[in-house]
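Feature annotations, courtesy of Swiss-Prot:
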- T25, E44, Q52, Y57, V97, F132, D298, S339: FAD binding site (BINDING)
Amino acid sequence: MLDIHNPTTDHQDIRDLTIIGGGPTGIFAAFQCGMNNISCRIIESMSQLGGQLAALYPEKHIYDVAGFPEVPAIDLVESLWAQAERYNPDVVLGEAVTKYTKLDDGTFETRTNAGNVYRSRAVLIAAGLGAFEPRKLPQLGNIDHLTGSSVYYAVKSVDNFKGKRVVIVGGGDSALDWTVGLLKNAESVTLVHRAKEFQGHGKTAHEVEQAKADGLIDVHLQTEVASIEESNGALTHVHLRSSNGEEWTVEADRLLILIGFKSNLGPLAGWDLELAENALVVDSHMKTSVDGLYAAGDIAHYPGKLKIIQTGLSEATMAVRHSLSYIKPGEKIRNVFSSVKMAKEKKAAEQEKKAE
(Lines of atoms letter the chains of each structure in order from A; the text may use other names.)
(Lines give C-alpha, C1' and ligand atoms only; values in the text may rest on other atoms or scores of the structure.)
Protein backbone atom coordinates (compact mmCIF):
# COMPACT_ATOMS: atom_id res chain seq x y z
CA MET A 1 0.00 0.00 0.00
CA LEU A 2 1.21 3.52 -0.77
CA ASP A 3 2.60 5.51 2.11
CA ILE A 4 0.16 8.42 2.09
CA HIS A 5 -0.92 10.66 4.90
CA ASN A 6 -3.70 13.20 4.95
CA PRO A 7 -2.23 16.69 5.37
CA THR A 8 -5.65 18.38 5.40
CA THR A 9 -6.17 20.16 8.71
CA ASP A 10 -8.78 22.75 7.72
CA HIS A 11 -11.71 21.48 5.70
CA GLN A 12 -12.65 25.05 4.79
CA ASP A 13 -9.21 25.78 3.36
CA ILE A 14 -10.02 26.33 -0.30
CA ARG A 15 -8.13 24.53 -3.05
CA ASP A 16 -8.10 25.29 -6.75
CA LEU A 17 -9.40 21.84 -7.70
CA THR A 18 -11.19 19.03 -5.90
CA ILE A 19 -10.50 15.67 -7.53
CA ILE A 20 -13.18 13.11 -6.73
CA GLY A 21 -11.61 9.68 -7.10
CA GLY A 22 -8.09 8.45 -6.46
CA GLY A 23 -7.62 5.91 -9.23
CA PRO A 24 -4.99 6.28 -11.98
CA THR A 25 -6.91 9.15 -13.61
CA GLY A 26 -7.32 11.05 -10.35
CA ILE A 27 -3.70 10.57 -9.31
CA PHE A 28 -2.41 11.76 -12.67
CA ALA A 29 -4.76 14.74 -12.49
CA ALA A 30 -3.06 15.70 -9.22
CA PHE A 31 0.30 15.61 -11.00
CA GLN A 32 -1.09 17.81 -13.76
CA CYS A 33 -2.29 20.28 -11.15
CA GLY A 34 1.28 20.58 -9.94
CA MET A 35 2.51 21.00 -13.48
CA ASN A 36 0.07 23.87 -13.95
CA ASN A 37 0.76 25.50 -10.58
CA ILE A 38 -2.65 24.97 -9.02
CA SER A 39 -3.50 23.33 -5.70
CA CYS A 40 -5.69 20.27 -5.42
CA ARG A 41 -7.28 17.83 -3.03
CA ILE A 42 -8.03 14.19 -3.87
CA ILE A 43 -11.04 12.67 -2.12
CA GLU A 44 -11.11 8.86 -2.34
CA SER A 45 -13.84 6.68 -0.86
CA MET A 46 -11.57 3.68 -0.28
CA SER A 47 -8.78 3.42 2.28
CA GLN A 48 -6.07 3.57 -0.37
CA LEU A 49 -5.36 5.23 -3.69
CA GLY A 50 -5.27 3.29 -6.94
CA GLY A 51 -8.92 2.44 -7.58
CA GLN A 52 -9.64 -1.01 -8.98
CA LEU A 53 -5.98 -1.53 -9.86
CA ALA A 54 -4.98 -1.45 -6.20
CA ALA A 55 -8.16 -2.89 -4.68
CA LEU A 56 -8.86 -5.74 -7.10
CA TYR A 57 -5.94 -6.37 -9.45
CA PRO A 58 -2.70 -5.34 -7.72
CA GLU A 59 -0.73 -8.23 -9.24
CA LYS A 60 -2.33 -8.14 -12.68
CA HIS A 61 0.09 -7.18 -15.45
CA ILE A 62 -0.85 -4.30 -17.76
CA TYR A 63 0.51 -4.05 -21.29
CA ASP A 64 -1.23 -1.08 -22.94
CA VAL A 65 0.15 1.95 -21.10
CA ALA A 66 2.68 4.02 -23.04
CA GLY A 67 6.25 3.56 -21.86
CA PHE A 68 5.51 0.33 -19.98
CA PRO A 69 5.88 -2.82 -22.12
CA GLU A 70 4.63 -4.72 -19.06
CA VAL A 71 3.87 -3.45 -15.57
CA PRO A 72 2.08 -4.90 -12.51
CA ALA A 73 -0.98 -2.82 -11.67
CA ILE A 74 0.27 -1.83 -8.23
CA ASP A 75 3.62 -0.74 -9.69
CA LEU A 76 1.80 1.52 -12.15
CA VAL A 77 -0.15 3.07 -9.28
CA GLU A 78 3.06 3.64 -7.33
CA SER A 79 4.73 5.24 -10.36
CA LEU A 80 1.78 7.57 -10.86
CA TRP A 81 1.88 8.54 -7.20
CA ALA A 82 5.63 9.16 -7.37
CA GLN A 83 4.88 11.76 -10.05
CA ALA A 84 2.04 13.42 -8.15
CA GLU A 85 3.67 13.29 -4.72
CA ARG A 86 6.36 15.82 -5.64
CA TYR A 87 3.65 18.52 -5.56
CA ASN A 88 2.21 17.43 -2.17
CA PRO A 89 -1.47 17.18 -3.09
CA ASP A 90 -3.92 16.93 -0.21
CA VAL A 91 -5.35 13.42 0.05
CA VAL A 92 -8.53 12.46 1.89
CA LEU A 93 -9.06 8.70 2.19
CA GLY A 94 -12.09 6.74 3.35
CA GLU A 95 -14.62 9.46 2.55
CA ALA A 96 -17.17 9.31 -0.26
CA VAL A 97 -18.49 12.51 -1.80
CA THR A 98 -22.27 12.55 -1.48
CA LYS A 99 -23.17 16.04 -2.65
CA TYR A 100 -21.77 19.12 -4.32
CA THR A 101 -22.99 22.69 -4.18
CA LYS A 102 -22.04 25.47 -6.56
CA LEU A 103 -21.96 28.72 -4.62
CA ASP A 104 -22.97 32.17 -5.84
CA ASP A 105 -19.33 33.16 -6.33
CA GLY A 106 -18.78 30.21 -8.69
CA THR A 107 -16.77 28.11 -6.23
CA PHE A 108 -17.81 24.65 -5.04
CA GLU A 109 -18.45 22.81 -1.82
CA THR A 110 -18.23 19.01 -1.78
CA ARG A 111 -19.75 17.17 1.16
CA THR A 112 -18.72 13.63 2.16
CA ASN A 113 -20.36 10.80 4.06
CA ALA A 114 -18.15 11.73 7.02
CA GLY A 115 -19.95 15.07 7.27
CA ASN A 116 -16.94 17.05 6.09
CA VAL A 117 -17.23 19.88 3.58
CA TYR A 118 -14.35 20.77 1.26
CA ARG A 119 -14.14 23.95 -0.82
CA SER A 120 -12.54 24.45 -4.22
CA ARG A 121 -12.69 26.73 -7.21
CA ALA A 122 -13.48 23.84 -9.59
CA VAL A 123 -14.21 20.11 -9.42
CA LEU A 124 -12.93 17.16 -11.43
CA ILE A 125 -14.84 13.90 -11.16
CA ALA A 126 -12.54 10.95 -11.79
CA ALA A 127 -14.60 8.33 -10.00
CA GLY A 128 -14.16 5.53 -12.52
CA LEU A 129 -17.37 3.57 -12.98
CA GLY A 130 -18.63 4.69 -9.61
CA ALA A 131 -19.18 2.14 -6.86
CA PHE A 132 -18.66 -1.39 -8.09
CA GLU A 133 -19.37 -4.92 -6.95
CA PRO A 134 -18.53 -8.21 -8.65
CA ARG A 135 -21.14 -10.09 -10.62
CA LYS A 136 -21.93 -13.39 -8.96
CA LEU A 137 -23.40 -16.72 -10.07
CA PRO A 138 -27.02 -16.67 -8.83
CA GLN A 139 -27.39 -20.44 -9.22
CA LEU A 140 -24.89 -20.95 -6.39
CA GLY A 141 -27.03 -19.12 -3.85
CA ASN A 142 -25.38 -17.51 -0.85
CA ILE A 143 -21.73 -18.54 -0.79
CA ASP A 144 -20.45 -15.52 1.10
CA HIS A 145 -19.00 -17.79 3.79
CA LEU A 146 -16.57 -19.14 1.16
CA THR A 147 -15.59 -15.75 -0.24
CA GLY A 148 -11.95 -14.96 0.39
CA SER A 149 -11.05 -18.54 1.29
CA SER A 150 -12.33 -20.77 -1.52
CA VAL A 151 -14.29 -18.40 -3.77
CA TYR A 152 -12.73 -15.25 -5.23
CA TYR A 153 -13.88 -12.45 -7.54
CA ALA A 154 -10.44 -10.94 -8.07
CA VAL A 155 -6.79 -11.89 -7.66
CA LYS A 156 -5.16 -9.76 -5.00
CA SER A 157 -2.35 -12.24 -4.38
CA VAL A 158 -1.33 -15.21 -6.51
CA ASP A 159 -0.26 -16.93 -3.28
CA ASN A 160 -3.94 -17.64 -2.61
CA PHE A 161 -3.89 -19.98 -5.61
CA LYS A 162 -0.47 -21.54 -5.22
CA GLY A 163 -0.63 -25.32 -5.46
CA LYS A 164 -4.44 -25.25 -5.75
CA ARG A 165 -6.87 -26.76 -8.24
CA VAL A 166 -8.44 -23.66 -9.72
CA VAL A 167 -11.66 -23.31 -11.71
CA ILE A 168 -11.96 -19.94 -13.47
CA VAL A 169 -15.31 -18.69 -14.76
CA GLY A 170 -15.42 -16.08 -17.54
CA GLY A 171 -14.28 -15.30 -21.05
CA GLY A 172 -13.19 -11.67 -20.88
CA ASP A 173 -9.75 -10.13 -20.44
CA SER A 174 -9.48 -10.79 -16.71
CA ALA A 175 -10.48 -14.45 -16.99
CA LEU A 176 -8.04 -15.04 -19.85
CA ASP A 177 -5.24 -13.08 -18.20
CA TRP A 178 -5.46 -15.10 -15.00
CA THR A 179 -5.89 -18.40 -16.80
CA VAL A 180 -2.44 -17.75 -18.23
CA GLY A 181 -1.14 -15.93 -15.15
CA LEU A 182 -1.89 -18.72 -12.68
CA LEU A 183 -0.36 -21.53 -14.71
CA LYS A 184 2.96 -21.25 -12.89
CA ASN A 185 1.36 -21.23 -9.44
CA ALA A 186 -1.72 -23.45 -9.49
CA GLU A 187 -1.70 -27.24 -9.44
CA SER A 188 -4.30 -27.18 -12.22
CA VAL A 189 -6.40 -24.60 -14.07
CA THR A 190 -9.83 -25.19 -15.61
CA LEU A 191 -11.48 -22.38 -17.58
CA VAL A 192 -15.27 -22.36 -17.94
CA HIS A 193 -17.12 -19.98 -20.27
CA ARG A 194 -20.79 -20.11 -21.22
CA ALA A 195 -20.37 -18.62 -24.72
CA LYS A 196 -18.95 -20.17 -27.89
CA GLU A 197 -16.04 -17.74 -28.07
CA PHE A 198 -13.89 -15.68 -25.74
CA GLN A 199 -14.55 -11.94 -25.47
CA GLY A 200 -11.05 -11.12 -24.27
CA HIS A 201 -8.06 -9.75 -26.15
CA GLY A 202 -7.06 -11.84 -29.17
CA LYS A 203 -3.43 -12.25 -28.09
CA THR A 204 -4.34 -13.64 -24.68
CA ALA A 205 -7.09 -15.81 -26.16
CA HIS A 206 -4.45 -17.32 -28.45
CA GLU A 207 -2.21 -18.00 -25.44
CA VAL A 208 -5.09 -19.78 -23.71
CA GLU A 209 -5.79 -21.88 -26.80
CA GLN A 210 -2.10 -22.76 -27.02
CA ALA A 211 -1.99 -23.75 -23.35
CA LYS A 212 -5.00 -25.97 -23.95
CA ALA A 213 -3.34 -27.57 -26.98
CA ASP A 214 -0.22 -28.19 -24.89
CA GLY A 215 -2.30 -29.94 -22.25
CA LEU A 216 -1.55 -27.33 -19.60
CA ILE A 217 -5.17 -26.35 -18.93
CA ASP A 218 -8.72 -27.58 -19.46
CA VAL A 219 -11.09 -25.29 -21.33
CA HIS A 220 -14.86 -25.80 -21.49
CA LEU A 221 -16.85 -23.45 -23.74
CA GLN A 222 -20.66 -23.29 -23.77
CA THR A 223 -20.47 -24.54 -20.21
CA GLU A 224 -21.55 -23.13 -16.86
CA VAL A 225 -21.10 -23.91 -13.20
CA ALA A 226 -24.21 -25.75 -12.04
CA SER A 227 -23.35 -26.15 -8.36
CA ILE A 228 -20.48 -26.65 -5.94
CA GLU A 229 -19.64 -28.96 -3.07
CA GLU A 230 -17.89 -28.03 0.15
CA SER A 231 -16.60 -29.79 3.22
CA ASN A 232 -15.72 -28.20 6.55
CA GLY A 233 -16.12 -24.74 5.05
CA ALA A 234 -13.86 -25.37 2.07
CA LEU A 235 -14.58 -25.96 -1.61
CA THR A 236 -14.05 -29.55 -2.80
CA HIS A 237 -15.86 -29.96 -6.14
CA VAL A 238 -17.41 -27.89 -8.93
CA HIS A 239 -20.27 -29.35 -10.95
CA LEU A 240 -20.36 -28.26 -14.60
CA ARG A 241 -23.15 -28.38 -17.18
CA SER A 242 -22.73 -27.93 -20.93
CA SER A 243 -25.29 -26.27 -23.19
CA ASN A 244 -26.40 -29.70 -24.45
CA GLY A 245 -27.20 -30.86 -20.92
CA GLU A 246 -24.11 -32.96 -20.25
CA GLU A 247 -22.97 -32.77 -16.63
CA TRP A 248 -19.68 -33.66 -14.93
CA THR A 249 -17.65 -32.80 -11.85
CA VAL A 250 -14.13 -31.50 -11.34
CA GLU A 251 -12.17 -31.43 -8.11
CA ALA A 252 -11.37 -27.89 -7.04
CA ASP A 253 -9.93 -25.92 -4.14
CA ARG A 254 -10.54 -22.47 -5.61
CA LEU A 255 -13.35 -20.97 -7.68
CA LEU A 256 -12.35 -17.70 -9.36
CA ILE A 257 -15.40 -15.92 -10.79
CA LEU A 258 -14.37 -13.22 -13.28
CA ILE A 259 -17.54 -12.22 -15.10
CA GLY A 260 -17.33 -8.47 -14.60
CA PHE A 261 -18.68 -5.91 -12.18
CA LYS A 262 -21.94 -4.08 -11.66
CA SER A 263 -21.32 -0.35 -11.50
CA ASN A 264 -23.43 2.11 -9.60
CA LEU A 265 -23.08 5.87 -9.93
CA GLY A 266 -24.58 6.26 -6.47
CA PRO A 267 -25.10 9.92 -5.47
CA LEU A 268 -23.64 11.07 -8.81
CA ALA A 269 -26.84 9.96 -10.53
CA GLY A 270 -28.78 12.61 -8.61
CA TRP A 271 -26.47 15.53 -9.23
CA ASP A 272 -28.48 16.95 -12.16
CA LEU A 273 -25.62 16.37 -14.59
CA GLU A 274 -26.23 15.20 -18.14
CA LEU A 275 -25.81 11.43 -18.35
CA ALA A 276 -25.39 8.95 -21.20
CA GLU A 277 -24.60 5.24 -20.97
CA ASN A 278 -24.31 5.49 -17.19
CA ALA A 279 -21.57 8.12 -17.43
CA LEU A 280 -21.22 11.92 -17.39
CA VAL A 281 -21.47 13.65 -20.75
CA VAL A 282 -18.50 15.95 -21.40
CA ASP A 283 -17.44 18.27 -24.21
CA SER A 284 -14.04 18.48 -25.90
CA HIS A 285 -12.70 20.33 -22.85
CA MET A 286 -13.87 17.52 -20.51
CA LYS A 287 -16.47 19.90 -19.06
CA THR A 288 -19.78 18.49 -17.87
CA SER A 289 -23.12 20.24 -18.22
CA VAL A 290 -22.14 22.45 -15.25
CA ASP A 291 -19.50 25.16 -15.71
CA GLY A 292 -16.48 24.54 -13.50
CA LEU A 293 -17.24 20.85 -13.09
CA TYR A 294 -15.18 18.45 -15.21
CA ALA A 295 -14.96 14.68 -15.63
CA ALA A 296 -12.24 12.31 -16.83
CA GLY A 297 -11.64 8.58 -17.02
CA ASP A 298 -14.31 5.91 -17.20
CA ILE A 299 -16.91 8.23 -15.65
CA ALA A 300 -16.69 10.58 -18.68
CA HIS A 301 -18.62 9.97 -21.89
CA TYR A 302 -18.36 11.36 -25.41
CA PRO A 303 -18.70 9.86 -28.92
CA GLY A 304 -15.95 7.35 -29.66
CA LYS A 305 -14.88 7.01 -26.01
CA LEU A 306 -12.39 4.22 -25.18
CA LYS A 307 -12.44 3.09 -21.56
CA ILE A 308 -8.78 2.28 -21.03
CA ILE A 309 -6.17 3.62 -18.62
CA GLN A 310 -4.26 5.48 -21.33
CA THR A 311 -7.38 7.42 -22.31
CA GLY A 312 -8.05 8.40 -18.70
CA LEU A 313 -4.55 9.80 -18.28
CA SER A 314 -4.95 11.92 -21.40
CA GLU A 315 -8.36 13.14 -20.29
CA ALA A 316 -6.96 14.09 -16.88
CA THR A 317 -4.38 16.26 -18.61
CA MET A 318 -7.04 17.98 -20.73
CA ALA A 319 -9.47 18.44 -17.85
CA VAL A 320 -6.90 20.10 -15.59
CA ARG A 321 -5.58 22.22 -18.43
CA HIS A 322 -9.00 23.49 -19.44
CA SER A 323 -10.08 24.03 -15.82
CA LEU A 324 -7.46 26.81 -15.59
CA SER A 325 -9.67 29.19 -17.55
CA TYR A 326 -12.39 28.71 -14.92
CA ILE A 327 -10.08 28.73 -11.90
CA LYS A 328 -8.09 31.75 -13.10
CA PRO A 329 -10.42 33.69 -15.39
CA GLY A 330 -8.75 36.33 -17.51
CA GLU A 331 -5.26 34.91 -17.10
CA LYS A 332 -3.38 33.83 -20.18
CA ILE A 333 -2.95 30.07 -20.28
CA ARG A 334 0.59 29.23 -21.27
CA ASN A 335 1.90 25.92 -22.53
CA VAL A 336 3.86 24.00 -19.92
CA PHE A 337 6.79 21.87 -21.03
CA SER A 338 7.73 19.33 -18.39
CA SER A 339 11.46 19.39 -19.14
CA VAL A 340 11.61 23.18 -18.73
CA LYS A 341 9.47 23.18 -15.59
CA MET A 342 11.46 20.39 -13.94
CA ALA A 343 14.75 22.12 -14.76
CA LYS A 344 13.50 25.34 -13.14
CA GLU A 345 12.30 23.45 -10.07
CA LYS A 346 15.63 21.65 -9.75
CA LYS A 347 17.56 24.91 -10.06
CA ALA A 348 15.34 26.60 -7.48
CA ALA A 349 15.84 23.70 -5.07
CA GLU A 350 19.62 23.89 -5.50
CA GLN A 351 19.62 27.65 -4.87
CA GLU A 352 17.47 27.20 -1.78
CA LYS A 353 19.83 24.54 -0.48
CA LYS A 354 22.85 26.82 -1.00
CA ALA A 355 21.11 29.62 0.87
CA GLU A 356 20.61 27.45 3.96
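Every residue gets a Cβ built from N, Cα and C, even glycine.
The Cβ of S339 (FAD binding site) has 7 other Cβ atoms within 10 Å, all protein chains considered.
Comparing local CB density within 10 A for the binding-site residues Q52, D298, the maximum falls on D298. Around Y57 (FAD binding site), a 10 Å sphere centred on its CB holds 21 further CB atoms from the protein chains shown. Scoring each of the binding-site residues (T25, E44, V97) by how many neighbouring Cβ atoms lie within 10 Å, the top position goes to T25.
Reduced to three states, the DSSP call for D298 (FAD binding site) is helix.
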